[in-house]
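What follows is one structure encoded as structure tokens, with my remarks underneath.
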Amino acid sequence: MVLLAVGELSASLSLLEECWHYLFLGIIQGLTEFFPISSTAHLKVIPLLLSWDDPGVAVTASLQLGSIIALIAYFWNDLAFLMRGISKASFQNSWNNQNTKLASAIVLGTLPIVFAGMLIKLFWQGYETSPIRSIPAIAVVSIVMALLLLIAENVGRRTRNFENLSFWDGQIIGFSQVLALIPGVSRSGITITTALMIGWERKSAARFSFLLGIPAITLAGLVELKQAFGSFELVDVFPLLLGITSSAISSWIAIDCLMKFLQTQSMMIFITYRFLFGTLLLFWYYLAF
């Protein structure tokens, strides 16, 4: 009986610890997916700093579901309006309107990252363990992205919005999204940076980035989940659901905060954070290892 009691206590502590890990990682996923600071980088670095095991592809893909749910829920009215506009255009055979332009931009902007992702899966078998995903690489990329965002803040005219959306906007921003396959770049970071560089105002740049992210994040999450299917045991289900829930809630908060923040503020807080994050990460890595 004593041995059984000890075993049950140990199991409960293990489950409690696992719940805490998933809860915390879900919050990190949600906040860093939509703030332009790279969720992949933080989900790789933070567990390492805390001496936790690497969460792995299966866990990060699952946590990404929470971000997808929050993103679709937050922009549900935009998506419904977009679909109604497309439906109306199809009945009237009139495709030269803002809804169809936006839908085309999202579809065309998603194609480059889909093809690039497929090529990596097919031909780069060592991608998950390649030097491009190492801590020093993530640190350097974070610093480079800080500099690019700083340039975008200073050279962008910030005069364009959805009223001025063109065919090339979707192409240019979509091709830049491919760089998000490099850990540390940040999908929202590179797309917002590119939009600012070609003259978009901050809030519109963020909104288009998030709308463009719906198919990209959804497809990436589903592909990784399919590959990882069957790797979870029954005991993992509750902690995993807890992580997905915390990811969804923190994602919603991050999206809402960023949209409101960019109405009046610049990107300097994120530029500063990314520069400090990359610099401190380099120092820590070379001192620790």
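Note that Cβ sites are derived from N, Cα and C of the backbone, with glycine treated the same way.
Marked as transmembrane segment by Swiss-Prot on the basis of sequence analysis: 23-43, 56-76, 104-124, 135-155, 165-185, 210-230, 235-255, 269-289.
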Remote residues contacting the transmembrane segment (104-124) - C-beta distance under 8 A, at least 6 residues beyond either end: 130, 165, 167, 169-171, 173-175, 177-178, 180-181, 208, 211-212, 214-216, 219-220, 223
In contact by Cβ distance (the transmembrane segment (135-155), the transmembrane segment (165-185); 3 or more pairs under 8 Å): yes
Interface check, the transmembrane segment (56-76) with the transmembrane segment (269-289), three or more C-beta pairs under 8 A: no
Cβ contacts under 8 Å made by the transmembrane segment (269-289) with residues that lie 6+ beyond its boundaries: 35-37, 41, 45, 49, 135-136, 138-143, 145-147, 149-150, 153, 184, 189
